[in-house]
Amino acid sequence: MFYTETYDVIVIGGGHAGTEAALAPARMGFKTLLLTHNVDTLGQMSCNPAIGGIGKGHLVKEVDAMGGLMAHAADKAGIQFRTLNSSKGPAVRATRAQADRVLYRQAVRTALENQPNLDIFQQEATDILIEQDRVTGVSTKMGLIFRAKSVVLTAGTFLAGKIHIGLENYEGGRAGDPASVNLSHRLRDLGLRVDRLKTGTPPRIDARTINFDILAKQHGDEVLPMFSFMGSVDDHPQQIPCYITYTNEQTHEVIRNNLDRSPMYTGVIEGIGPRYCPSIEDKVMRFSDRNSHQIYLEPEGLTSNEVYPNGISTSLPFDVQMGIVNSMKGLENARIVKPGYAIEYDYFDPRDLKPTLETKSISGLFFAGQINGTTGYEEAAAQGLLAGINAGLYVQEKDAWYPRRDQSYTGVLVDDLCTLGTKEPYRVFTSRAEYRLLLREDNADIRLTPIAHELGLIDDARWARFNQKMENIEQERQRLRNIWLHPRSEYLEEANKVLGSPLVREASGEDLLRRPEMTYDILTSLTPYKPAMEDKEAVEQVEIAIKYQGYIEHQQEEIEKQKRHENTAIPANFDYSKVSSLSNEVRAKLEQHRPVSISQASRISGITPAAISIILVNLKKQGMLKRGE
């Protein structure tokens, strides 16, 4: 049976990738349908109740800069905010928030239900309809057929999901939700490369059974940060602390004595788990020299008694989980309300995707989130936004868009996935970005909001606020450039009190601000440079731009060199078999990856500079050597 409406874009899945993937084309004016197996779990935080962190906070800011939802929802739901690496340089500072699960889900659902051009329908998708290698729609469990010109699949851990607790296992997409078995079989039939990954979650503990009085308390920042560039401190709900405990030798002994009941250590689980979020049994065995591990007790919400013990993800049997929990300080009498578990699921090789997240073999079909081998809400949201944008552009047969590595962490994420693939759950770190001084949290809007405006992703209010900020930055920099202090100035004595070394020649406000001991606040406390600007975001940009000017200019020079290769496109129909001077190994890798540019080809493992030169020569010979704008 055909549904009465025909859509431009259908998004399958209502998690963090799916919600962003649905909102983006709807904001661009495309008629969009979000298909979910349960409308009550839209925006569900399936694992840890937190948003952001190192690298991840950068992604949240980027999603927000392009009109996405995650930052707004995190501001509405955040019950503890912290700026990580606050004592380090601006490139690695990152925002993190503990979130109230209920408030977060409410913020997501409210945004979805009030978005024009977006419909929501509760049904399990069981088949993706394809004609002549082109997607035409989706069919559901009840036999309903939805027609669309493009489809974004954001299935999370649901594709052939299998939950493990001890040596027992059963089908499931997450605790309490069924797996998508039929859809998994259908995707395997399409000939896409598929493998299995694994992730896990810890048991949840009843807060009423924890002795918080003997535990260390961790408060959030006193000056509360915000995720959204349009946010306000007034958006934040009540702030509450987290607590800290530790595993000990007794904990580790419980784990070691029960490894024969672990699905990981008995070979029942074959999927590879996240390297940077290992299970507690993995930590105990891999770091056998350590006699304790720090565990954060994170509240799940203002109205919930559930506590998330961050650091003891496990798939051991329930009785062993009880032994682990009760062995720790403050948790001697703690009660588990939800057991921890591991989940195995299908993911598809992201090297079979274009950088737009469209599959190379099926036109109009896009993948986003854990289906591409990533882990984390933030990585999923960034991919969902990108896939949703390009699903809309595909409908209009417009040029696709994707960010470069020098433009955003989303660009780094997508390039890593599509060029190198992954054999383990991939997460973003600042260390993955070679241009991280330019890819800071604080300038995500400067990097991406103009692009979002061109794509139709942001409203007039955001665009006006952005332009006002840019105007404030330029005006303040101009003001500081034009105010000079010289050794004969009547204000010299005042200035020398705060300068590390006395002023011996004239200097502008910008010159003074470049000094290591000088800050914007100190500078604008001096009489010649009063008053300070009220726009704190603009102040931050002024200070960073001036203090790091040399480093920033150096990175920009490197980027310009790299762009020459990035803009040298390799046509999709380029025949590597006709390039006789390439080795068989190199030719096979290029045929497998089908890079879209010389730059992407150069990042494939085993592709040498000599091979790149050969490709360039052959592109020129065949009249295919074209450079992008």
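Positions of Cβ are set from backbone N, Cα and C atoms, glycine also.
For His16 (FAD binding site), applying a Cβ distance below 8 Å and a minimum sequence separation of six or more within one chain yields Gly43, Met70, Gly369, Tyr377, Glu378, Ala380, Ala381, Gly384. Feature annotation from Swiss-Prot assigns FAD binding site to Gly13, Gly14, Gly15, His16, Ala17, Gly18; the stated evidence is sequence analysis.
Taken residue by residue with DSSP, Gly273 (NAD(+) binding site) is part of neither helix nor strand, so it is coil. If you look up Swiss-Prot, you'll see 273-287 marked as NAD(+) binding site.
All protein chains included, Lys283 (NAD(+) binding site) registers 18 other Cβ atoms within 10 Å of its own Cβ. Compared over the binding-site residues Ala17, Cys277, Met285, the count of CB atoms lying within 10 A of a residue's CB peaks at Ala17. Within 10 Å of the C-beta of Glu281 (NAD(+) binding site) we count 25 further C-beta atoms, all protein chains included. Put simply, of the binding-site residues Gly273, Glu281, Met285, Phe287, the one whose Cα is nearest the Cα of Gly15 (FAD binding site) is Gly273. Within 10 Å of the C-beta atom of Gly15 (FAD binding site) sit 30 other C-beta atoms, taking all shown protein chains into account. For Met285 (NAD(+) binding site), the spatially nearest entry among the binding-site residues Gly13, Gly14, Ala17, Gly18 is Ala17, judged by CA separation. In terms of C-alpha distance, the listed binding-site residues Gly13, Gly14, Ala17, Gly18 place Ala17 closest to Lys283 (NAD(+) binding site). In this structure, of the binding-site residues Gly13, Gly14, Gly18, Gly273, the smallest number of CB atoms within 10 A of the CB marks Gly273.
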